[in-house]
Amino acid sequence: MTDASTQLAQDYDIATTGEAQFGDYIALLKPRVMRLVVFTALAAMAAAPAGEHPVVALAALICIAVGAGASGALNMWWDADIDAEMSRTAGRPIPSGRVGPEEALGLGIGLSILSVGTLAVVANPLSAALLAFTIFFYAVIYSIWLKRATPQNIVIGGAAGAFPPVIGWAAMTGEVTLAPVLMFLVIFLWTPPHFWALALFRNDDYTRVGVPMMPVVAGEPATRRLIWLYSLVLAPLPVLLALTEAGGPLTLAAALLGNLVFLLRARVVAQRSAEAAAADRYAAEKRLFGVSIAYLFAIFAAVLADAALAALLPGLDWPAWI
Amino acid sequence: MQRDHELHKRRRGRNLGVLAVLLGFAALLFIVTIVKMGGNSANPWG
């Protein structure tokens, strides 16, 4: 009997594609993307003038993180076919067979409803509506509709990643003012140069699966020019953010220093030829990709630090002070 | 008598994980409720 039950279990094991472990569900929520979401939303919540109770703020932050995770699961459900063919994504839970597609779809829809509903209750309807729109935007408008249809996919998809600070601000204050809009614009305009730098040195992957990334469709020279153009448009925004109620001297310093490094790196990438890039295996593009991550981190870390500074020095009164 | 298979171990880990998440969710809602109802809600006669 023991042998029979073990045999049965083994047969079952072979018959199913795989039994998901808890970690596979976590992987479906894209924890690395979630980290950025939590960080930017937290910075906005800390910088928001009207403070909710810390427990309510924590609950709202968890809702935003879970909502972002849910949209990640929906994205993986839809993109399982192309994920299987790209080296960067082949090990994800669905293409590797550890989680069934319908399980990912169920998890994505379930967590979306749960996170939006809970945020409406613990914070306010405005932030819940913004979270619902963000999930819809990322899962349907970006993943299902635009990603495989237009080389502007990254530009439009960037909006989904730019919403978390707006949701965090709305959860704390019940409104959306200039400061969270500037935070949105910083992430929105940062996304294209960040991902196009990646696409330049990951071009083969995207070409193979037919995702129309900018270097695939418009070619490398055009992508390099666009990286420079977007970097120029991006540069003033964190400076403006530093001058709002959400900013402060640290944000201003991070914005100015960050712009200097980012623009220098983007200029190098913009002026290079494809041959020069191939010769050193896209070293400058990889460098820009790394610098772009540090850039966004520095700006939002500075917003967070300025919020702490304002709490420690209530007399600073930043926007009036300048 | 060997009743456990690798499958059961994996399932147990997953079930415990889901249990922890559900308990955490319930605890979070409980604490938020206490906070939203005001400081004295845990002791309405206090």
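In case you wondered, yes, glycine gets a Cβ from its N, Cα and C as well.
Features reported for this protein in TrEMBL:
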type	residues	note
TRANSMEM	A:33-50	transmembrane segment
TRANSMEM	A:56-78	transmembrane segment
TRANSMEM	A:104-122	transmembrane segment
TRANSMEM	A:128-146	transmembrane segment
TRANSMEM	A:153-172	transmembrane segment
TRANSMEM	A:178-201	transmembrane segment
TRANSMEM	A:222-243	transmembrane segment
TRANSMEM	A:249-268	transmembrane segment
TRANSMEM	A:288-313	transmembrane segment
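Across A:56-78, A:104-122, A:222-243, A:288-313, stretch A:56-78 shows the highest tally of CB pairs under 8 A with the transmembrane segment (A:153-172).
Stretch with the largest number of CB pairs closer than 8 A to the transmembrane segment (A:222-243), among A:33-50, A:178-201, A:249-268: A:178-201. If one looks beyond the transmembrane segment (A:249-268) by at least 6 residues along the same chain, the residues whose Cβ comes under 8 Å of a Cβ in the stretch are 193, 227-228, 231-232, 234-235, 238-239, 241-243, 284, 287-288, 291-292, 294-295, 298-299, 301-303, 305-306, 309, 318.
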